[in-house]
């Protein structure tokens with residue numbers, strides 16, 4: 001099959017992968033040890049084996065599980081902050097979704113956890129920023145990264161420097177090399193390695209606390225090796241990673257509750273009734289107290305509306321969770337300035353819940369400032385570049401896409417049309433893993449996009465100069481196949497919506513794979529077909545080409561698109577004219593945090609410095 005594809009497809013992921021002494025490139029070779037998702041699938045039936053494997057790697061690196069108790073960890077999970085010290089539990093999960101923090105561990109779980117990518121990453125970010133405003137030195141471990149891998153390990157809100165990254169990478173790598181045992185795996189996989197490295201960074205840099213975001217789930221996540229976090233959190237739950245966590249909210253809730261620890265308080269936000277009951281049962285089983293967070297409205301009673309650094313109505317529940325996590329951490333560490341508790345009658349929605357309601361409290365200036373100052377790249381982020389406005393959100397589950405749509409419609413679609421010309425709306429989308437892309441795309445149809453653009457997460461066709469975003473577990477060939485399938489799905493959804501529309505024929509299949517036939521210099525992948533393609537759905541071989549076509553030279557950070565190659569596409573020409581002449585171009589980039597990260601690398605070059 002490979003010989004049927006252009007050279008840039010078959011060779012694009014092979015360049016620049018040899019270790020050359022650079023820590024990031026060497027780190028990338030650990031991806032070949034095993035896909036983290038596949039590893040978790042194999043090991044999920046035996047949590048003890050997970051714990052022993054992670055303990056073994058940790059001890060070979062020079063640490064013991066007891067050392068993590070000094071990190072004051074805040075542990076967070078959910079459907080994808082910085083705190084003082086967080087404790088963890090046992091497990092090893094996917095590269096995209098683990099967040100661990102050393103110092104003071106406060107575990108948090110959910111389909112996005114207390115700082116996991118989507119909701120959980122945002123909750124972690126709020127928590128970290130609040131505690132940093134108390135003058136504490138914070139550690140923050142999250143995943144995945146958007147532009148540079150150093151983003152995963154932060155001190156006082158900033159990614160660690162390249163010098164620190166190199167120092168601790170080689171410290172851990174060399175210790176593991178020196179302690180190789182033929183009877184055991186010589187090196188942990190990519191995500192396990194970074195988790196161990198984060199613990200070393202936080203301990204040796206003497207952070208006051210660590211906010212640790214769970215990677216995937218909780219029970220089997222490698223961040224769950226933390227045994228005594230200060231507090232745990234579970235953000236809003238959603239359906240994600242079903243092949244690992246289960247295909248129902250109840251099964252997912254069971255996995256998220258795996259980070260609960262005996263005697264460690266845990267908090268969650270409003271959840272559907274049955275998943276909330278499962279969390280309650282897990283808390284009882286693990287002898288921990290679980291509380292339901294009051295809504296942010298309860299904190300605002302009698303005062304001004306709170307200003308949040310992260311946009312979107314869904315961020316209010318993340319902020320409410322962060323307030324409880326931060327206050328609990330401060331209380332358990334004997335800190336002052338906690339904020340006076342106040343009696344607030346629960347809303348009717350919270351009455352009769354199986355989990356007791358935590359009290360609201362008067363917010364301190366540090367808490368208010370922390371919520372206002374929180375930043376989290378790639379989540380409800382807006383970049384205004386002249387006539388082109390980019391709306392970036394790494395939503396990748398049905399619940400987070402729904403929240404993204406609400407945010408985008410309010411931020412962009414509800415604005416008045418430009419008085420001096422037309423407005424063009426563009427969707428730039430990709431999804432990875434086992435996600436139901438048809439379900440995600442269906443939620444985006446009501447936004448009334450003029451064009452839908454699909455491309456892989458690779459910034460360029462050649463990855464030789466993009467070590468931070470190399471992924472050896474995904475081939476460009478497979479990624480392009482999925483983009484073509486998404487193009488078909490989008491066309492079908494539009495036809496179902498209007499009852500008629502241009503017909504998109506299925507591209508010919510060769511050996512079971514969709515067969516694109518692009519010329520090397522062409523902008524688009526155009527499957528040969530006897531009938532016209534849908535004029536509003538386009539596929540590009542990489543992010544750079546997709547962004548350049550959308551911007552048409554009107555974004556100062558992007559070059560103008562090159563001329564089409566051997567397969568001109570009617571939408572490329574007609575769309576280019578509309579995009580060049582529109583008074584406003586509004587582009588939503590969503591479906592994958594990796595896609596958003598690649599877009600940020602190109603749209604904000606300073607992030608790569």
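Using N, Cα and C of the backbone, Cβ positions are placed for all residues, glycine too.
Those TrEMBL annotations? Automatic predictions, nothing curated.
Annotation comment: TrEMBL describes 143, 213, 241 as Mg(2+) binding site. According to TrEMBL, the ATP binding site annotation covers 379, 393.
For the binding-site residues 213, 393, the greatest number of Cβ atoms within 10 Å around a candidate Cβ is found at 213. For the pair residue 213 (Mg(2+) binding site) and residue 379 (ATP binding site), the Cα-Cα distance reads 16 Å. Comparing residue 143 (Mg(2+) binding site) with residue 393 (ATP binding site), their Cα atoms are 15 Å apart once rounded.
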